[in-house]
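A short worksheet on the structure shown next.
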Amino acid sequence: MNIFIGGAWPYANGSLHLGHVAALLPGDVMARYFRAKGENVLYVSGSDCHGTPISIRAKNENVSPQEIAEQYHKEFKYCFEELGFSYDYYSRTDDAYHKEEVQRIIKLLYENEFIYEKEVEQLYCADCNQFLPDRFVEGICPVCKNIARGDQCDVCSTILDPLDLHHRKCKICGSEPEIKNGNQLFFKLSKFQEMLQNHLEDSKKKWRVNALNNTERYLKEGLQDRAISRDLNWGIEIPIKGYEEKRVYVWIDAVLGYYTVSKKWGIERNRDWETFWSKEAIHYFIHGKDNIPFHSLIFPALLNGIGYKKMPDRIISSEYITLEGKKISTSNNWAVWVPDMIERYNVDSIRYFLLANGPEKRDADFSWREFINSNNGELLGAYGNLVNRTFVFVKKYFNNTIPVGKLEEEIERATEKLYDEVGKSIESGNLRLALEQIFQFIRSINKYFDEETPWTTVNTNIDDCSNTIYNCLFSIINIANLLNPFLPSSSAKIKEWMGCKEASWNKLSLSSGIQLGDFNILFERLDKKLAEEELAKLGR
């Protein structure tokens, strides 16, 4: 089976925070899981290096947009690598090949009469002497009455036009813009209404509820044609006569990246990329809820406009992460920055918390106290404790060698069942449930260790003791295998310590007589005082 997994492309206009990672982590879990199952996987993403957020930051810092994009693209790559993201290709939207492909697609859509010219009212700032693209405008959302940008409201996720906003202001100088007429290019999104409606009906059990509800809302309102050109000097030039000075709307540019990077990957690796874009391939898209309409409506319409009938099979769209009960605010430094966190904490501790408490169905909160409790409780107290006390026992009483033992039927059946249950949970995007299923098993094996009292039977019945430890070691190697999609770093350590090189999504066997490698503590205890230190940094 060919499985394509696309992770949303973060704007390269500032450091990643935990909200970004929480939305994107499910993609890595799925990629690792499907590879272990032996499926043919292509997992891609990249940095969104165009658009107004980058232009605004560059203007504020008196540098070029290219410098800003370069700085944060490098930082993103480093952070994703440190966090264990296993992208097959991580690209960028200012890549030359991507630019050529996007321009080719725009031309093709124009030739196919899915793009047309239209005179529209636009906002113009007399003080700045320029037309204002969407993100250069701020105002009040007409739907929920909160402060919003000119392209979308972060609170209610409504896609907006700058003219929709009340009490509009120029983001650059703060003055009130005036309305002027100008020509723009529009994509005939309305032409795809019926096709997208039919696909929504087919996706009722495959997309997350927020994706279904959000997409259904737009379809009920009736799809509106969307402007794809912007009055900017940073971005991909429109390849149509009379519009060469305008740039491609950043969200058209970004979602087409899934397609263009697949082609580039195929060319560079001499691989058949088109198998991942056939109707038979399975597509997963991983992103936050604010990105839903771009993936559920705009991207499939663009693909159909150039002859690809592939539709999104699974949309794994996360709700938001709050921080200490409040909305994340990058401007007020009410955020946990990923570059800082990966320098201070175990990456598997970060991954575990964000996956075990992920915003799958509703907003979730990141609390420093809960993060420390999570590390010290589940990871250290349950998982790490099982591994450490079993390994220490083997070293002390069995010369660091896996003893002879008979696998107990109950443990074997529970393990086989776990692979099936966890696999189903992952494939449906229920990662919180998948992790809980594994940790229930961990707790049951800890209970088994306690009830079998090997510290007593080592002196009274060595065969019973050997059997207990053998079953614990069998459980540990399979737990590590099951947790590999979630916690790849700690799983790799355990497999190395136990001399295991298998990576399939099947029950692993355990051979007696193998010597354990040098091992150490899997997870360190975190001092609760760290929570106070981290809290003191917020909002400063």
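Cβ coordinates come from backbone N, Cα and C, glycine included.
Check Swiss-Prot against the ranges 10-20, 219-229, 307-317 and you find motif ''HIGH' region' recorded for 10-20. Range annotated as motif ''KMSKS' region' by Swiss-Prot, chosen from 47-51, 327-331, 372-376: 327-331. In this model, the motif ''KMSKS' region' (327-331) carries an average pLDDT of 88. When the Cα of THR330 (ATP binding site) is compared against those of the binding-site residues CYS141, CYS144, CYS153, CYS156, the shortest separation belongs to CYS153. With DSSP states grouped into helix (H, G, I), strand (E, B) and coil, the motif ''KMSKS' region' (327-331) comes out at 0 helix, 2 strand, 3 coil. Ranking the binding-site residues CYS141, CYS144 by C-beta neighbours within 10 Å puts CYS141 at the top. Other residues of the chain with a Cβ within 8 Å of the Cβ centroid of CYS141, CYS144, CYS153, CYS156, the Zn(2+) site, are PRO142, VAL143, LYS145, ASN146, ALA148, ASP154, VAL155, SER157, THR158.
Taking a C-beta cut-off of under 8 Å and a sequence gap of six or more, CYS153 (Zn(2+) binding site) has these contacts in its own chain: CYS141, VAL143, CYS144, ASN146, LEU160. In sequence order, CYS141, VAL143, CYS144, ASN146 constitute the residues six or more apart from CYS156 (Zn(2+) binding site) in its chain with CB-CB distances below 8 Å.
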